[in-house]
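**Student:** OK, TrEMBL features for this one:
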- A:41-62: transmembrane segment (TRANSMEM)
- A:102-291: domain 'ABC transmembrane type-1' (DOMAIN)
- A:104-128: transmembrane segment (TRANSMEM)
- A:140-159: transmembrane segment (TRANSMEM)
- A:165-184: transmembrane segment (TRANSMEM)
- A:271-295: transmembrane segment (TRANSMEM)
- A:317-328: compositional bias 'Low complexity' (COMPBIAS)
- A:317-338: region 'Disordered' (REGION)
- A:342-592: domain 'ABC transporter' (DOMAIN)
Ligand SMILES: Nc1ncnc2c1ncn2[C@@H]1O[C@H](COP(=O)(O)OP(=O)(O)OP(=O)(O)O)[C@@H](O)[C@H]1O
Ligand code: SF4
Ligand code: SF4
Ligand SMILES: [Mg+2]
């Protein structure tokens, strides 16, 4: 293990993304929990619970009277200066009795939670990981447990054991442990097939280590929430027992008993019920409220909230010009001087950082697409291709804002409110995304999802919608539309799912289709079919297509114009044929060199060293300089503007004139 | 089956014979799904064998069976002279030092809540029983091997890009100096530049350590660029196998031809030609194709040369030049009307049969 590979000169492959220095990633759940804990209502409920626990702990010092001391002289008083909450029919101080009556319940309710953890967690982990027969046996046992009425069992135990509270709580814990078991088993099954678990198994890591290291941490969040809910259930259950006079020493005060006493006197002395009623209801309500708030932080319930559209923030004027280093280059005029179908000019997309400052991630992008033509956005991951595409649809993720100009058939889209944008989206411009399976809702059949969109855009009778739905499926090359329409997303292959997604996008008859890496997740054979489909749709419907890809082969196949993006900027905009035959920007050349198609076997691929810088690390000079083999000092003096280098051809490089003459870096061992 | 024209050492590092893998499908009395259907392969030390095929062709399953992550129905797997066909993942300590894996998904294959250092220490501890301090020195060595800085040790995977994560996964696989690494679509999720960087890195590591690769991917040009020999897989069966260079330059089996023509080239004129070729070498899109026959050739529904015999009889593995092809056209005795037309087929000049 002592051989080290010589690192070629000037290659900073290893420079790790300086983001998130050694910071432990905060899981989505942890973040959601933290947000929940900041809500005032949750804080109040928590505050109450803390108060109850603390006062119960300090019941002795806090109580003005001995809770058992009788004072027959002051029976059944309402609130007085001496007895703040009054007295009961033996003259005992109610405040003292309430203070003393909670602790034993709060404590006893911990037992069932502990018991179900002790039983449910190991069993769930093991059964979930091993599966097979163990799973079937465990499932049977749990089903039996669920069928047992807890109250009946505990009552029976109370009779048999002569009212022994510890035994009763343990038995209760056993009966309810099925819920914890099922939770742990389900989470374990979900984590069992994760790739990093497979990798650990391949490394020969033992089963116990894998469970403790890789699987248990994933289960922890839901487990804590579930434990809290269980606790609040157990608390209520035990209070009911004590109301029935079971399990708790009738001599000692307990909240259930206080309620029981008050019930007996409800007609004559209703006040007795007020203090204990308020305390009990508040405690149970607080437990439930906090429990449900925590429950809502679990991923399964978070999904629903994704459906509500987020409000789009507006970029302050000062930030709306991005780094302002570059004036938008003049756009090539369309034939006949008409404005092209889609025009993007000086588009800036920014996200607000944790310090409140706006950080541009797309910085002054301009391009235009004609009817029936295809523009490809090309570049490595992290260059801003997807954000550019999403901004044209007003679909930026939360916290993002766009400025500049996006004109669709002459109409300005930047600054439209969400309602107006929703009308434009789908009916005039639509999106096809990279992951067809993610874009489809697993719970509904293809027919019903497609039907919904058709109804939304065109309305019409049920029969009309149905016909149109089947027509759309046939339009995207699905021959057995009836059968595919009835199926659910998980029954479709990747290629078929992408066809369905294209049909969804076409349902509103848009003029412009934005496709974000529509074929990257697919096999070459399926990719070729989808590209054929897009091409034929373009011919028949006159669609303008914006296609995001990192594969110059796809560009050659379907593109008319290509905009090569690097670090948030367009660095070269050219007709595809020209770009591929004679790229003018060193980065475009680097992308071409990385293609293995015609590479010689055994010879390292010539490619661009290093990685795309993060937006916060963009230099003010040429952003490609750190990776460019042609870089000179002049490249590091100031912003490089994009320049027109030929008809319809622009390049953002000060050595463009030389690249035209074929000055390209000699192979200086362009390894890795 | 040995591939003619390639050196086949007396005892290869890996020998898989007649491998069958069935997946049990959920449900009562469902017929299991045959993911791998009688695959033979051998792999010598320091060699790279490419396995290529489209989604669902069973290429990942071969890798997973080898790693003990998929159940072997029948057949045998022999690694460095030991039969490991039925060794479960839990009993793999002694195998783990010879056999490691790099998965496709750079985001899913690293535990997000463990530092890079801990991830890399895992195989060292499990296999070599290394303790904290000796492991740390080794880990630094590993990181420099895959050209990541020392201080990556204390960071979490979220601080790294996809390509960098894949380097970490490669470092984890290299940690115990294995003889063989299964690369299951290790570069398919990366962009072209990162993909080229990772390919160059793997090649350097192979040169320095002599590790062998089972390189699984769906892109024929990438696989043939990177491998010494290539296996073309379709529906769990080997369609064609032979030296990478010839399969890339002159794919023989109709399915290999379709795969080859499906990957677009970055040249507009050449791509236009290739697109026409592709439309000629497949008869139906995957969406339109009829289901494949139980018996017979699995590619028949999409093959432009399909004939009666293709629907009824499984093609025999037939030697052709320096490779082996499972197609009736190459087998003079098959009864296919175009049998013997192999040279024309390879040259792309064989007319389609009547549909
Ligand atoms: N755990 C499983 N249970 C049932 N079927 C499975 C399972 N894993 C894979 N399959 C099926 O086995 C077949 C072969 O799968 P495999 O993953 O080996 O294909 P692949 O060539 O690697 O495809 P891809 O490129 O999509 O990864 C497919 O039809 C797949 O749906
Ligand atoms: S301006 Fe200089 S550093 Fe930037 S791409 Fe051109 S030659 Fe390279
Ligand atoms: S056996 Fe028949 S169907 Fe299969 S590839 Fe050959 S010609 Fe085509
Ligand atoms: Mg796979």
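Cβ from N, Cα, C; glycine included.
Just so you know, TrEMBL annotations never went through curation; they're auto-generated.
Are these features on the surface or tucked inside, and what touches them?
**Tutor:** Long-range neighbours of the transmembrane segment (A:140-159) within the same chain, counting only residues 6 or more positions beyond its ends whose Cβ lies under 8 Å from a Cβ of the stretch, are 167-168, 171-172, 174-178, 181-182, 237, 241, 246-247.
Residues 108-109, 111-117, 119-121, 123-125, 127-128, 138, 142, 145-146, 148, 150, 153-154, 157-158, 219, 222-223, 226-227, 230, 233-234, 237-238, 241, 246-248 of the same chain lie 6+ residues outside the transmembrane segment (A:165-184) yet bring a C-beta within less than 8 angstroms of a C-beta in it.
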**Student:** Same chain, outside the transmembrane segment (A:41-62) by at least 6, Cβ under 8 Å from its Cβ: which residues?
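**Tutor:** Contacts with the transmembrane segment (A:41-62): 96, 99-100, 102-103, 106, 279, 282-283, 285-287, 289-290, 293.
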**Student:** Please work out the mean pLDDT for the residues of the domain 'ABC transporter' (A:342-592).
**Tutor:** 89
